[in-house]
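See below for the structure under consideration.
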Amino acid sequence: MEALDYHAEERRKAEFNLDEMKIVWAGSRRNYELSDRVARLVASDPVFRKDNRTMLTRKDLFKDTLRKAAHAWKRIIDLRLSEEEANMLRSYVDQPAFTDLHWGMFIPAIKGQGTSEQHEKWLPMAYKMQIIGCYAQTELGHGSNVQGLETTATFDPQTDEFDLHSPTLTSSKWWPGGLGKVSTHAVVYARLITGGQDHGVHGFIVQLRGLDDHLPLPGITVGDIGMKFGSGAYNSMDNGLLRFDHVRIPRNQMLMRVSQVTREGKFVQSDVPRQLVYGTMVYVRQTIVSDASCALARAVCIATRYSAVRRQFGSQNGGPEIQVIDYKTQQSRLFPLLASAYAFRFVGEWLKWLYTDVTQRLQANDFSTLPEAHACTAGLKSMTTSVTADAIEECRKLCGGHGYLSNSGLPELFAVYIPTCTYEGDNVVLLLQVARFLMKTVSQLGSGKKPVGTTAYMGRAEHLMQCRCEVEMAQDWLKPSTILEAFEARAVRMSIACAKSLGKFSNPEDGFAELSPDLVEVAIAHCQLIVVSKFLEKLQQDIPGKGVKRQLEILCNVYALHLLHKHLGDFVATGCITPNQGALANEQLRLLYAQVRPNAIALVDAFNYTDHYLGSILGCYDGNVYQKLYQEAWKDPLNDTVVPDGYLEYLRPILKQHIRTARL
Ligand SMILES: CC/C=C\C/C=C\C/C=C\C/C=C\C/C=C\C/C=C\CC/C=C/C(=O)SCCNC(=O)CCNC(=O)[C@H](O)C(C)(C)COP(=O)(O)OP(=O)(O)OC[C@H]1O[C@@H](n2cnc3c(N)ncnc32)[C@H](O)[C@@H]1OP(=O)(O)O
Ligand SMILES: Cc1cc2nc3c(=O)[nH]c(=O)nc-3n(C[C@H](O)[C@H](O)[C@H](O)COP(=O)(O)OP(=O)(O)OC[C@H]3O[C@@H](n4cnc5c(N)ncnc54)[C@H](O)[C@@H]3O)c2cc1C
């Protein structure tokens, strides 16, 4: 018998080839096939079950995480999965774990900042997980200000060792994932001191726990920092604290690609810029942008499928009520998020390319594109995670009351996702880095230095400062060059206005601090331009499949025009468009929503998420929401007994007292 599909009618309405769209979303046919196979492998394995995890105590959740990580590792070995497949498997297991930090930061830190001898020594052990590592940078007193870290690594020429020490309470390492209970090793960031001189923050490989008994080594105090936001969620991770009491490590455990300390204790700064010490953060920020599209797509998939099932009001002659997805307000809240998921996917692909390119250049000692890579990763990490965090909450609201149920999947997704706005760089702090980069670019405009890459548009500042938008009718807003010019003109005009205001301050740093809220807005305008332009560039590619390109064009226009509508004040105040042109953009946006509507379910099907990964009754593929909600309610432990525990002690006495009072 064919399974019920409550979305069958919706799926029939789609105007494009779904299989081809799945390939576009995955990046290539090969990626699609790999990811589909691995997702199904995880979904069908009972060890990876996750529907009960919000009910677990912290200890049970943590043990469950260890069990899943061990099982995942066994599957990776048994099935001889490639590194790419193994990463996919971990992400489909979908439970934050120490392995994220081991593979995502510890190994990349050694690769990026270690010498070839250090690679040879440490990487084979790390790849086999004979050692497990974390990334211990943040301290109780300092996170954003990395130069303010207090842990010291003092070189002792007598013994050829570093002495690692936590001189104050605030120097305690605080937050590193995987540190609390699991890691045997860490890359620790500490101030390097030689001959009484402070050379700033560098990375050191430090063993924390015994490899036989897992006990902390002498001089090391280590533990978990405690429960975090929400139930389940990020509490599967052992974010830790760490203190050193004069712990000794050999000199060759300082990561020495950027700077070296010789046997005599001489500090040698190589030609490599010191910012490469921050390289692991740049790498992870880039991955976070792709992850943002996944998390956003997940929330949007749940809200879209549920909005097609849910009906409220408007029944005619006893017929069905209106599907809430047909309300224009629902569409205007949901479809820009759907478009953003696609937009972030494509900008994530591009950022990966940029990162690979800069890495290859760095290997050839070409550091010229490092500032741009830093600005793009910092800005896009900040923008995409802020939008995604807000969007998950919006999707919860789009699902009405049922969105607040844990089994909608949205509360846990939100709780897991929101720290992304803080870790790997607080989002405001990162936008200020972008603003610095932009102000520097503007200040060099007159010098003959031509801006390149994502700031190339500033080279056309003269034109962009005075160009006039030519839109006369709503449909004029569908022209890619019109959209692009409006976004470029807005970004350049806001940048130059801020640069002029900065010029009025005698001390530039005072000006930067005073104008920082405006500078954040400038950085956002620049980042939005990058996302819009990369979406438009994607559309220049050959995209096969009936109707696929057309749908992407619609989504690209939705993405750009909803931003224009949301930031209308910026566009009008800078004179890039008139208020009437803003109104025409909004008119066009409404027409676009009507074009998205019949394709909405298929557009979220294209994410190819299994029900296991989605973890949401509201978002289940077959749309059989009510029956599943009803069945699930009976599985709650509170329903194990008809009369709740505590009735005799606490409820009955009150009820009886009430009866007595009533009788009086
Ligand atoms: C239950 C499950 C259910 C559902 C699951 C669902 C979904 C899950 C979905 C998604 C999860 C998402 C992602 C997970 C993926 C991986 C992550 C896993 C875990 C995360 C763990 C987190 C780890 C961390 O947080 S590590 C610590 C990170 N710390 C920071 O980021 C600190 C931020 N601060 C800084 O970076 C710097 O201090 C600074 C702010 C940049 C300032 O530095 P500094 O003072 O030194 O620099 P200046 O401002 O003076 O600038 C000098 C100069 O340098 C340039 N510069 C600065 N940084 C860099 C750089 N990185 N690269 C290159 N250049 C740099 C700067 O621009 C200046 O240049 P100029 O001199 O030219 O102006
Ligand atoms: C779940 C989670 C996992 C983490 N994992 C790790 C890990 O594995 N390893 C690790 O080393 N660290 C980790 N961290 C730490 C994380 O990197 C830091 O918390 C983060 O970098 C922010 O730093 P902070 O906590 O010092 O925030 P703060 O800088 O204290 O921020 C507080 C407020 O001050 C504002 N602010 C700060 N500086 C400025 C400024 N210059 N201008 C304007 N406003 C400013 C911020 O915008 C924010 O609103 C993790 C954190 C979390 C929440």
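Heads up, the Cβ atoms here are built off N, Cα and C, so glycines get one too.
If you check TrEMBL, you get these features:
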DOMAIN    18-132  domain 'Acyl-coenzyme A oxidase N-terminal'
BINDING   Thr138, Gly177  FAD binding site
ACT_SITE  Glu424  active site, proton acceptor
DOMAIN    480-656  domain 'Acyl-CoA oxidase C-terminal'
May I ask you to report the DSSP-based helix, strand or coil state of Thr138 (FAD binding site)?
coil
Measure from the Cβ of Thr138 (FAD binding site) and count the other Cβ atoms within 10 Å, all protein chains considered.
18
Fill in the CA-CA distance, Glu424 (active site, proton acceptor) to Thr138 (FAD binding site), as an integer in Å.
10
Return the average pLDDT for the domain 'Acyl-CoA oxidase C-terminal' (480-656) as a whole number.
98
Close in space, distant in sequence - Gly177 (FAD binding site), Cβ under 8 Å, 6 or more apart:
Pro96, Phe98, Asp100, Leu101, Cys134, Tyr135, Met237, Asp238, Asn239, Gly240
Can you tell me the three-state DSSP label for Gly177 (FAD binding site)?
coil
Determine the Cβ neighbour count for the residue listed as 'active site, proton acceptor': the number of other Cβ atoms within 10 Å of its Cβ.
24
By the DSSP assignment reduced to helix, strand and coil, which category contains Glu424 (active site, proton acceptor)?
coil
